[in-house]
Amino acid sequence: MILTFVLAVFLALQALHGLFLVVWGLGFVRADSRAGLDLLTRPLPSEASTSVTGVVPHGNVTIEGAGQMVLVFHDPSVGERLLLVAPALLTTLAIGLVAYLLLRMLPSLREGDPFSAANVRRAYTVALTVITGSLLVPACAGVTGAVLESRALGTDPSLTFTFGLEGGTVPLVLVGLILAALAEIFRRGARLRHDVEGLV
């Protein structure tokens, strides 16, 4: 009962967060640096050694930082806003889907019947969502970051992807694989239960 309540509240918060990202991305909320949505952290261009002083922005953008640059979009267009929130929105959607699927699994767990065909599908979907989300979010962040950097600096886009332990990609892929193994256990448990019911 408590877990159901916690997951329902978490899912509602994810829905509100996603709604806020869409509303902000479409320009219905003022761009404010305190929310951090108008900031983009990128590696320094190769021609700018270790300081941002040699990097010249175009438009209504300022650059800060040492060792990396933080692009601040002071009055981003709707397109820039959507690019800025795209990775966060994708993350929110993936987390929301996982929470929803877990919430749907709980009633059968409470009833003592976890090995149902529906739960097997849900468990595989959770695993697939974690794996694809852990790969798509950094890819989306790399593409949108390159486009925004190109627009802000007037340079050619330079794609950078962070797939590794530090960015969380590899651990999340491993978690997804573990969840896929658990989904396979659910599938075999469902088949075993079906076989036992056939004998009785």
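Each residue, glycine too, has its Cβ placed from N, Cα and C.
Bear in mind that TrEMBL entries carry predicted annotations, made automatically and left uncurated.
Features reported for this protein in TrEMBL:
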- 82-103: transmembrane segment (TRANSMEM)
- 124-148: transmembrane segment (TRANSMEM)
- 168-186: transmembrane segment (TRANSMEM)
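Same-chain residues lying 6+ beyond the ends of the transmembrane segment (124-148) with a Cβ under 8 Å from its Cβ atoms: 40, 42, 71, 73, 80, 83-84, 86-87, 90-91, 94-95, 97-98, 101-102, 157-163, 167-169, 172-173, 175-177, 179-180, 182-183, 187. Taking Cβ pairs closer than 8 Å, the transmembrane segment (82-103) reaches residues 4, 7-8, 10-11, 14-15, 17-18, 21-22, 24-26, 37-38, 40, 73, 76, 122, 125-126, 129-130, 132-133, 136-138, 140-141, 144, 147-148 in its own chain, all 6 or more past its ends.
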